[in-house]
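Participant: Would you mind keeping the following structure in view while I ask a few things?
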2 protein chains.
Amino acid sequence: MNLKNDRSGYECWLRYSYIDDDISRDAYLKRCSRIALIGESALIESARAELKLALTSMLGAKPLEIGISEDGPAIVAGTFDSLQGLGLGSFVEAADIAELGNEGYIVLASEDGRVYLLAETDKGVLYAVFHLIRMMQTGEDIETASVREFPRNSLRMINHWDNMDGSIERGYAGRSIFYRDSRFIEDLSRVRDYARLLASGGINAVSINNVNVHVQESKLITEEFLPDVAKVADIFRGYGIRLYLSVNFASPIEIGGLETADPLVPEVRRWWSGAAKEIYRHIPDFGGFVVKADSEFRPGPFTYGRNHADGANMLAEALEPYGGEVIWRCFVYNCLQDWRDRSTDRARAAYDHFMPLDGTFRDNVLLQIKNGPMDFQVREPVSPLLGGLTRTNQLLELQITQEYTGQQRHLCYLVPQWKEILEFDTYAQGEHSTVSEVASGRLFGRKRGGLAAVGNIGDDMNWTGHILAQANWYGYARLTWNPCLSSEQISREWIRMTFGQDMGTEGIILKMLSDSHRIYEAYTAPLGVGWMVNPGHHYGPNVDGYEYSKWGTYHYADRYGIGVDRTVRSGTGYAGQYHSPQSDLYESPERCPDELLLFFHHVSYTHVLKSGKTVIQHIYDSHFNGADQAVDLVAQWDSIKEKIDEGIYLQVRERLLHQAEHAGEWRDIVNTYFYRKSGIADDYDRLIY
Amino acid sequence: MNLKNDRSGYECWLRYSYIDDDISRDAYLKRCSRIALIGESALIESARAELKLALTSMLGAKPLEIGISEDGPAIVAGTFDSLQGLGLGSFVEAADIAELGNEGYIVLASEDGRVYLLAETDKGVLYAVFHLIRMMQTGEDIETASVREFPRNSLRMINHWDNMDGSIERGYAGRSIFYRDSRFIEDLSRVRDYARLLASGGINAVSINNVNVHVQESKLITEEFLPDVAKVADIFRGYGIRLYLSVNFASPIEIGGLETADPLVPEVRRWWSGAAKEIYRHIPDFGGFVVKADSEFRPGPFTYGRNHADGANMLAEALEPYGGEVIWRCFVYNCLQDWRDRSTDRARAAYDHFMPLDGTFRDNVLLQIKNGPMDFQVREPVSPLLGGLTRTNQLLELQITQEYTGQQRHLCYLVPQWKEILEFDTYAQGEHSTVSEVASGRLFGRKRGGLAAVGNIGDDMNWTGHILAQANWYGYARLTWNPCLSSEQISREWIRMTFGQDMGTEGIILKMLSDSHRIYEAYTAPLGVGWMVNPGHHYGPNVDGYEYSKWGTYHYADRYGIGVDRTVRSGTGYAGQYHSPQSDLYESPERCPDELLLFFHHVSYTHVLKSGKTVIQHIYDSHFNGADQAVDLVAQWDSIKEKIDEGIYLQVRERLLHQAEHAGEWRDIVNTYFYRKSGIADDYDRLIY
């Protein structure tokens, strides 16, 4: 909150703009001019500070703090325990309270003019405060408030890929807010604001260093840096967020001086136990380890002929006495593939590696599974490992940072994509076995589960580079809390909180957000085939960019057709990794959804899609239309120019202009590539080079 | 000579191995056990040191220095002036001496057992010493020596693209031998050895910093660095080499504090005059400036609406009082081209920019013209600017460093390519108007002219990374002296000097060198089309790597055909920049040489070449054969394993193995690309993916 009156975008959705409308403001003032928060914990302090800030700013008057015993209209916040004896029993039944758990809460307006914010824990009270504030930001009536909320996922996490030199792997919004020049940044006020923003959306876990753990970052779990890590953990703790660290599997060698990191060697196990003990001495509620092992040249148990369960369980054993968890990534594949070899299929890799280990992981291990089998493309099928595993804790991994989706220079609102993923039916236990149910753990009766995602923030003044990319951050947080929220609902909340309540503005931005993923998909790689980007940085079109590489990411386009045959019948067999009927759907070129056709099948350019178009005509049409729509985004934004703070208007406009131009580059390169290769003219004779 | 007995390749062709053969050694000893060098200059000192080192090392006995008046067998070296009165008139006629000029020399065995090394200048004497040594290294008889030599080019230059941070742009053999950490390296002994090697080949000019002149390097012409530059110049002077610097056209702004670098503003002209005065105060024989202006984002006269003659002449005027030269590069083109625009042709650029200025450059300006119109591809036509200009000094620019020709990991002996360029007939003044005659200045009666080339050395122990790449360095130097030397003659000299005299070894290495350029060409981009490399670093195959870029380097391959139409009739008109009959030859797809077909014409894959093959079959055949030949290079090298020092054998073998593997990658990617695009099967059903 350093920059209260700044209009750079720093405040994101916690802008707390003054409520101009007298009627609304008066209605809120009636109940909100006095507040009573019970408790002294850091969480209650956070709640109190936030509530006072928000009310003062939105209502133009500082609320009066009163004692709990004073009568009359007020916001009264506290745990059920602390408020016992106030006669709340009449509207809070015991059964309901149990269901809320230790993060849920109630927001309840009573007839005597009070608004009660009640929870089992102080953390729930903090969430309730953010809920009440959101209601006021979005113009909801609080007179009749009767809200019961609890999170659908116990783990709601953001992963940072920050390096201690200050760089962020796949970061598109400046440098790290945690590190600079191989040390922690001393002034942690930005971290505090970050924690507020996270808590307002319900995030309860962060890992603060890159999963590719380099030399310096390996030392985060040592005495050299633990005091600094603890300071950051303190801040997050005040907002109900547990801190995790990514660790280097080879730490026993690299920082422990041992000769091996073999997970079955007692000396190694002792080393990790010792390390855990040290960590918990500094951070008693430390969340645990995030581990990328045996992946893209990172060390792991394979080095010692051990499997991933051996590796994960060893770490889990070390953390178990303290209540810590191991989050073990399943992004394991052969990244030295020969492009000539069509039998190896990177898409199969996670399933092939981890399915045989199902049931062998300790209870405090969660396998973190990327949403798709490849790597965060704009369109992929859902990973068959989700719901393939039945006896293992699963954590769905999403990517908020827009590595393959325009790098926060293109507008690409990802909530619609995430909703599709969460609602995908794995059929693991028959119908309605959605990814959402798998990830939460409910489907298989597991206590641990949830979502993790790679964050998209950096030290850019507006956090995310593209201000509209804040919506992805916000939307992700909201979905972790409640995957049932619709994309539209989340968007409307975010727009009102960020830009205020104006129906016209809201409609335009809602449309821009809602269309953006489809637009981006239209002018980039077609029909689920993916990967037509420049190697390394992954920005901009390059149809053959990965075609002759070692990365296992090919489209096999020739003069007749394109796509990867992943069927059981004639291809790599990947389609068979799904439960029926999904496996049957994907196996069939006729039934496979158009948008994934080239992911599962190699077809001719004249293959007719369900849409009635040929593949080649679809490529042309989608690229011409997508690029046109990108241009139109600028016009849409310009149409609300008067309603937007000038600084924010200009920042977004500059990015939209770049996107429009760059979408034209995508259109022309992709269309030209396929026209030259197929020789088939566009039905509408549009300009192809 | 720091590493006299090292067998790492450090000594290059000045290894001076002991002559094992008794008869030969005795024959040399007869005349070479005593030496008399007349003079005290640094050049004579260099000659003396070199002669003593070589004789001692090759003959196993330190030669005795005698006075000029002592009788009997001896090597007697000095200028004609210094040896007057010795009665040389009988075999040196006055007319001959005049023709030798100030760099020529005579090596003459007399009947009284003496070998005379005579020249007009001390520099000529040094060259004569190196000549005599070379005769002994290559096993020539000196009993009957009667050599008259003078250089065909007055300027024989190597350009270094070294940056002061120690990096070398397009360097593939380590870091700079001049700079480290933004300063000069204090120990200049390696520079001295470098100067020896250059002088032994006849190089008489070096520029020691990158033509892309960055902030630090801009200050080389200031008091901050001139004392250091002068130390380097001192060393080179002792070997007859003048030092040049690349300068930043915007220096008056960047280091002078002026507000403009407009070449017509008196203040700017005065600034450059002052700078020149300072330079010559430190280095009285400073060679001059090398300038890359208005090229690839470098500043230049275009900024001020001036032309290149304005820019070059301003600098020339500043240097003229001191005898300095301006070497102005013609590598000027639009590097922000739209790939969609087929009317702009980068190949035309140098001619279009500079032809209108012919005759307007001052006499101490040389235009440095790259051999081809694009950029040092393995195959390009000769630049039509060479011989297009008739009233301007021209300097042919070659590239020794193998930027596009395998980066010194692939063997690619460039002397055959350079010979073709030098012998290319421009028809500027009718038949026999070769590039060689144009560059030397003789064709148009100009005094200034010659060759410049980008060097291929760094601080790798063996100087060039690939030891066999030393042959390119040596060969270039020899060609600057005498472009009429055949590739075979140069190769044999280099092999004997480097590996000793063994007929078998010589035959194998000669074959490897001679075939290597054709092999490299065979498995890379076909038929002169060029540019199928990874962008940026330019290594390895990427058929579409530059196809949709801004660099003006396209092949336009589609499913029917490939190539760039540069004809006058239907293309960019580039072919019309040549004199007839070359222009007619290139204009006609039937008459155009096969190896340049795709440079000048867009043809179908089924177009039949003069070879009788179709274009597509040529692509397949050349790639299969080229890759096979690359494999065979390893076998050839292995066949002489016993004859090569082990260290050198292993170093070269490692590179040849990599080349063989990488050539396979080239073969498979290029063939697959064209097979997928054309759909035409290989006549021999070989494996294409």
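All residue numbers here begin at 1 and follow the chain in the order shown.
Each Cβ is built from the backbone N, Cα and C atoms, and glycine gets one as well.
Quick paste from TrEMBL:
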ACT_SITE  B:Glu296  active site, proton donor
ACT_SITE  B:Asp375  active site, proton acceptor
ACT_SITE  B:Glu403  active site, proton acceptor
DOMAIN    B:12-132  domain 'Alpha glucuronidase N-terminal'
DOMAIN    B:136-463  domain 'Glycosyl hydrolase family 67 catalytic'
DOMAIN    B:464-685  domain 'Glycosyl hydrolase family 67 C-terminal'
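Give me the structural setting of these features: burial, nearby parts and distances.
Facilitator: The secondary structure of B:Glu296 (active site, proton donor), as reduced to three states from DSSP, is coil rather than helix or strand. Sequence-distant neighbours of B:Glu296 (active site, proton donor) (same chain, 6+ apart, CB under 8 A from its CB) are B:Asn212, B:Phe331, B:Cys335.
In three-state terms derived from DSSP, B:Asp375 (active site, proton acceptor) belongs to neither a helical nor a strand segment and is classed as coil.
Using a 10 Å radius centred on the Cβ of B:Glu403 (active site, proton acceptor) and all shown protein chains, the other Cβ atoms total 23.
Here the domain 'Alpha glucuronidase N-terminal' (B:12-132) is broken down by DSSP into helix, strand and coil counts: 50 helix, 23 strand, 48 coil.
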Participant: Restricting to the chain of B:Asp375 (active site, proton acceptor) and a gap of 6 or more, list residues whose Cβ falls under 8 Å of its Cβ, or answer none.
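Facilitator: For B:Asp375 (active site, proton acceptor), the qualifying residues are B:Phe331, B:Tyr404.
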Participant: Across the domain 'Glycosyl hydrolase family 67 catalytic' (B:136-463), what does the pLDDT come to on average, as a whole number?
Facilitator: 97
